[in-house]
Amino acid sequence: MSVVALSRTVEPLLSVQHLTIGIPSSGGGHATLVRDVSFEVGPGVRYGLVGESGSGKSMTLKAIAGLLPRGVEVLEGEIHFDGDDVLTMSPHERRRIMGPRMAMIFQEPMTALNPTTRVGKQIAEGPRRHLGLSKADAQELAVDMIRRTGIPDPARRARAYPHELSGGLRQRIMIAMALSCKPALVLCDEPTTALDVTVQDQVLRLLAQLCDDMGSALTFVTHDLAVVSQTCSRLSVMYAGRIMEEGNVREVYEAPQHPYTEALFQSAPDFDDPGRRLAPIPGLPPSLTDPPPGCPFAPRCQYAIESCSTGSKPLVEVRHRHLSACDLADQIFGGTR
Amino acid sequence: MLSRLKFVPMRLLQAVPVAFGVTLVVFFMVHLIPGNPAESILGAQATPAKVAALTDQMGLNQPVVQQYWHFLSNLAHGNLGESYTYQVPVLTLVWQRAPVTLLLVAYSVVLMLIISIPLSMLAASRPGHVRDHAVRVIPLVGLGMPQFWVGVMLLLVFAVGTGWFPVGGYGDTMMDHLWYLFLPALTLAISISPVIIRSLRASMLNVLESDYVATARSKGAGGRSLFAGHVLRNAIIPAVSIVGVNLGYLVGGTLVIEKVFAIPGLGSMLIESIFARDFPSVQAVALFVAVFVVLVGVLTDVVYTLLDPRVDLTQRMNA
Ligand SMILES: Nc1ncnc2c1ncn2[C@@H]1O[C@H](COP(=O)(O)OP(=O)(O)O)[C@@H](O)[C@H]1O
Ligand code: SF4
Ligand SMILES: [Mg+2]
């Protein structure tokens, strides 16, 4: 193994530092959708971003991929991918990495595929552009990718239009498309949320296996804790655009270090204990245009005390490689173990 | 793919009652035109006796309903009658004139696309930008001006003024035709482009915001590859039906514009026949135009079906 390869494994593949995303408005009162988010993903690692809908997961992912919607901008922070600062890249440089280095799988397989183009051609598009394949070779690769996603009769399926396929098949096509150029990093935005549970499970397995085969790292966004636990090794829990807790999946599951994470577990169904009563989190996430001072979870937190609503609540390491943004993490969770 | 085009024969069959309705309306409207064809044919000096004799001979004395019945039974035999003015079957005249008008319509559509697609792309690529406002406002000026007036202006500036284009006529070779028809086709294109640009711009913006365009971007598509590969075709689909609706309007405009540019097409034939009280010619042109508009409707649906694999008009028909 070369020195370069060794140093790569030391350096993270993706490094997001102090990322702040918002909607700048001239009239003041701008909304901050993501605030001071930092995390790193090593090569081949599967990293999860979990949180309720609206917590800024998709925006974080879109900022990494350079696909923020019109009007939404990165206000602060840095994103490095493979050592390159992606935020300062020209559109041309950006296009050169999208596909062969970094790929994305979207939430809605129903709308994420071009409705007027055969799926095989859509898969072949990336390899043609980035790998310099001929039309025929790219088409062959597309059929092969479809085969690898476990779809029977791949050559015939390649000629199908998206509307002729079920949601599960379409999402497999999306996976085939994202992995067709062997990217180092695959960004997934709730890739299975739109699917029913059995299909969801198959698609997750497939995704994990193909990423392993290709050595691709994964950054996986979901609101579903069960899905991260099945897919990822490390995760961040996001709330109101901020990271509340970060740690290895197993440790966060066994001993959450933030009241929001704990509440999230209690509000989610548990397959091991189906009889347990679900406890939805009372209240609503805070306003993004006018966030309250202090801990953003304070209005809904059962442990909140007066000091929670003042000062900044930075992420601090409360255990080895396990970070929490809760001031009281030690008092609340420390004593129980 | 082909199975989705099964609706075409059915639709063509449906055109028959439409054409029948058109003959009814046209026939009775023609007889509302004041003046007697026999008088027009014989000229102002003709004696009333001669006029009466000819009127009788032409069957114009019979009740209108009876005349209509006569017209229909002839039509059933493919006979649309003879032109009063030229004494030849009107079908012969129509077949001579129709290609001119069809070429003019097709030419206008091509120019319309050449104008509309780049302009709507320009507008949609930077919504809210100066060029977007410019693209949206300037064509409205064109929409506000009568077609007739636009034609006369182009004629004055580019034919009479600069001499770049002929003042009128049709020419002899295909190249000639394209040169002679440029200004009239441009006139028509200018008059319908604003509607098309507006619809294309809106659908392009829609498509640009769509998930599948984000997917395409995530594969490294951008700029021209994005537009050609993912935006254009999807954006044109909703615009196709608007083009289809406006083609009827375009054909109507052709009839007027032919007169301005002295083009020997169906439009000028229609106007001449009306002035000459040449009823069979008027009826033939009207019938032809009606059938043409119906065919354009079918053609629009065919294009729509070919562009969008999700569309299956055959099913809608059976439902
Ligand atoms: N196109 C947009 N423009 C402005 N705000 C948006 C847009 N899309 C989403 N938002 C807002 O950004 C916040 C974060 O959204 P998102 O990242 O999609 O959340 P998540 O993926 O965690 O559900 C939400 O409050 C949402 O309302
Ligand atoms: S800082 Fe206070 S309010 Fe926030 S999570 Fe911890 S205990 Fe709850
Ligand atoms: Mg989301």
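From the backbone N, Cα and C atoms, a Cβ is placed for every residue, glycine too.
Curation plays no part in TrEMBL annotations; they are all automatic predictions.
Copied over from TrEMBL, here are the features:
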DOMAIN    B:98-300  domain 'ABC transmembrane type-1'
TRANSMEM  B:12-33  transmembrane segment
TRANSMEM  B:100-125  transmembrane segment
TRANSMEM  B:137-165  transmembrane segment
TRANSMEM  B:177-197  transmembrane segment
TRANSMEM  B:235-257  transmembrane segment
TRANSMEM  B:285-307  transmembrane segment
*Report yes or no: does the transmembrane segment (B:235-257) come within contact of the transmembrane segment (B:12-33), defined as 3 or more CB pairs under 8 Å with a sequence separation of 6 or more?*
no
*Give residue numbers and ranges for long-range contacts of the transmembrane segment (B:12-33): same chain, 6 or more residues beyond its ends, CB-CB under 8 A.*
64, 67-68, 71-72, 75, 274, 277, 279, 282-283, 286-287, 290-291, 294-295, 298
*Spatial neighbours of the transmembrane segment (B:100-125) far in sequence, C-beta under 8 Å, 6+ residues away*: 131-132, 135-136, 139, 170, 177-178, 181-182, 184-186, 188-190, 192-193, 196-197, 200-201, 204-205, 208, 227, 232, 235, 243, 247, 250-251, 254, 257-258, 263-267, 292
_Are there residues at least six beyond either end of the transmembrane segment (B:177-197) with Cβ under 8 Å to its Cβ atoms? List them, or say none._
103-105, 107-112, 114-116, 119-120, 123, 135-136, 139-140, 142-143, 147, 150-151, 154-155, 158-159, 165-166, 168-171, 239, 242-243, 246, 249-250, 253-254, 257-258, 260-261, 263
